[in-house]
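Here is what Swiss-Prot records for this protein:
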type: ACT_SITE; residues: CYS221; note: active site, nucleophile
type: BINDING; residues: CYS112, CYS113, CYS195, CYS198; note: [4Fe-4S] cluster binding site
Amino acid sequence: MLTYETWEENETKGALSVLSWAYKEYKSEIVYACSFGVEGMVLLDLINQVNPSAKVVFLDTNVHFQETYELIQKVRERFPSLNIIEKQPKLTLDEQDKLHGDKLWESNPNLCCKIRKILPLEESLANEKAWISGLRREQSETRKHTKFINQDHRFQSIKVCPLIHWTWKEVWRYVYKHSLPYNSLHDIGYPSIGCEKCTLPVGEGGDSRDGRWAGKVKTECGLHYQ
């Protein structure tokens, strides 16, 4: 039954309760891996309500859009107490080119993601018991069975997904209601934003992730495989 007291929790579809449980359960041994997409803006706001000094890691591949880096600065200003860490890969782009050839994101996108995303996240999670992700069930077939609390065999960790029941419209409704900053690329046809080299705009009516690795069999960077 919807009451005044339960309105906030109804609006967040269980997300606040999940986050409160996660920070109580794992205390300082949990980190939010944020890509700074629109779901990330919602989660940052919710996390800030539960734990204003929470750890947030951004996997800086060095090939993100400039708009993404600009958004991170806006988020730092909006949530100054959050501990935002920009995690770098061990290899610079020049070092990667020398080892694997130019434009690895074209010749071998799986290896590129491993070097610039998966290995850095492994390092970031090495001393953590759990991590938070903005996965939603409606995003894709590979994500439709995601639970609030998941055993992550890939990273030998617990993956907490507070937004699994949120729809795309509900995410944006929350962003607008709370005047949250968001990536300006969303306004010009980019529903899902990753690295600049592997992200294209999506036409009207297209799937929200159609612009990721367009023209390739690849649909995930590898962070969310079990």
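Each residue, glycine too, has its Cβ placed from N, Cα and C.
Looking only at other Cβ atoms within 10 Å, the busiest spot among the binding-site residues CYS113, CYS198 turns out to be CYS113. If you draw a 10 Å sphere around the CB of CYS195 ([4Fe-4S] cluster binding site), it holds 23 other CB atoms from the protein chains shown. Of all the Cβ atoms in the protein chains shown, 23 others lie within 10 Å of the Cβ of CYS112 ([4Fe-4S] cluster binding site).
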